[in-house]
Structure formats: C-alpha cells, structure tokens
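First comes the structure, then the notes that go with it.
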Amino acid sequence: MSEPIRVLVTGAAGQIAYSLLYSIGNGSVFGKDQPIILVLLDITPMMGVLDGVLMELQDCALPLLKDVIATDKEEIAFKDLDVAILVGSMPRRDGMERKDLLKANVKIFKCQGAALDKYAKKSVKVIVVGNPANTNCLTASKSAPSIPKENFSCLTRLDHNRAKAQIALKLGVTSDDVKNVIIWGNHSSTQYPDVNHAKVKLQAKEVGVYEAVKDDSWLKGEFITTVQQRGAAVIKARKLSSAMSAAKAICDHVRDIWFGTPEGEFVSMGIISDGNSYGVPDDLLYSFPVTIKDKTWKIVEGLPINDFSREKMDLTAKELAEEKETAFEFLSSA
C-alpha cells in the first residue's frame, strides 16, 4: 500500500459532494491501492449536516479511507493537501445579477486560494467546480502565487460528457463509442461544444461525427444549444441542479489528471490560456482540448479551426475577459 494522500472536498455537506464522496472513498478516482485521508470543509451552519455525511462515510466501511476529517476551519482543511476539489460556492439566488454572484465568489475563492498558498503542498492539484467555475479558478490561482498556475483547472468535463451523450443518443451508440469532442471557453451558456474533430465508432470503424450524423444543421444548431442549456433543463425538471452527473464528471476529470488520458484521446478542461495556439488571449481560464501524462496537461495543438468555430470561440473568450475584469475589480478591493 502506498502512503495516504490528503484530498479536500469543499461544500462537503452539499448535494454534489454527497454524490461524489463515495466514489473517492471506494478507489474509483485514485485507484484501488491508494489510501486516502478525506477532508470535508463546509461553512459553520452546515456542520450538523456534515456530521451526518461523516457518519455515513464511516458506515460505508471503506478500506481505503484511512481517516475522514470534517471541519469549518481553513487551516485544518487546507493543510498538506495533495488534491483540492473546490465544490462549494455561493449559489445564484433569485433576482441576483451575475455581477453580484461574481462578487460573492471572488471573496470565497480569494480566501481559499490564500489558504492553499499558506497550508497546502506546492504540488497540490486544484480542481474548481463551484460556479462561475472558470473565473473562480482564476481568482484562486491568482491568490496562490506560490503554487504553479498549471496546477489549477476547472470542470468543463460535465459539458464534455453531455456533448458525447447527445452524439451517442443521436446515432444510437454508447457514449464510449464517441471521442474527442471539445468544449471551448467558459462553463456557461456561451461555451462552444465542437465536434469537428470528434470521432465515433460505427460498425467497428472510426468515422468523423459530421460524416456519421449527416445533419449539419442539427450539429450547428440544436446540438450546441442543447449542451449549452442542459444544466438549466435539469434544474427545470428536477428543481435541483445536476449532482449525480456533476459528481461523475469530477471523477472523470480528477482520474484523468491522476492517471493520464488514453492514447489518441483528448478531454476538455478549463486551464490557464497562456501560450495557446488558438488565438485565445493569455491569462484567461479557458476550456481547451488537452492530453494528460504524468499528471501534467498539454493543450492539443494544430487542430484546424473554421470560421463558424472561430466566431464561437471568440464570443466565449470575450465573456471570460469581461468576467475576469469584474472579478479583478472586486479582488483588488476585497
């Protein structure tokens, strides 16, 4: 057995965490021979609920869980971390402007970035889930100058998985048969789900998605809006936001960081845009296609971008630049 790793989940009393913690504890994310010390952080009013989650994790009797720590204190939560999964954020309330939401979250992620900087290992991998995820991730990274910015990523894997699933449903295959879809940009309704480079396995051979679907207007229209608005559709139907699918996407994202991506496949995650070859301005936290090896991501370079894609990629970059500007105004005054 290897040494235990310390894994933090914030917002640990919430519903995404409730769907996520069992998978982390049972070895589905870090492997079946990796012991874990699981740290659960939430705000003080949630400590009663968190106690219940702690009891349930104990009652799961998971052999890999060496210890579970529930706390509302950052100095305990962020100490010596190997992995931080930042799920907790201020949710958008009725009548709340996006700007107000940004302001509330800048405060949270500035504090958590500073706590990572002060207490966590410098090699910590930080995954931001709480929305607005891209800008929250950038805020945390800026507030943790001693941790390499490449160690920060935000979740767009849920969008990626949604795009895969839509193509699979359209063609009557399993999601597993679809690979190399891309989510460009922001985890918001301006994101651009791109299948120009995606492949699908049909009758044992790989075919381009455009060739397989044979319906360009669907791929350039309804497919894109369905993926962009899927989160809202789930809320409308379930009266709660996506939790099971979000937790599954977090597992996929973190497992790929830990073990790497399969040969010939790439995945989507929000990462720092510095030095990309796709004309996205530097210093944005933007979702790109990446391959991962030795816990290090690399942007997939050299994919041809048509005019349709260019316009959509620029639009979501513009939104991210505006979010960043608003967030940084708050950051300097926070």
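Each Cβ is built from the backbone N, Cα and C atoms, and glycine gets one as well.
For the NAD(+) site, Swiss-Prot lists G11, A12, A13, G14, Q15, I16, A17, N105, Q112, V129, G130, N131; matching the candidates D42, D80, D159 against that entry yields D42. Between the modified residues K121, K214, the minimum number of other C-beta atoms within 10 Å of a residue's C-beta occurs at K214.
Around S241 (phosphoserine), the same-chain residues at least 6 positions away in sequence with a Cβ under 8 Å from its Cβ are Q15, G231, V234, I235. The CA atom of R162 (substrate binding site) is located 16 Å away from the CA atom of V129 (NAD(+) binding site). Figure note: comparing Cβ neighbours within 10 Å for the recorded positions N105, S333, the maximum is reached by N105.
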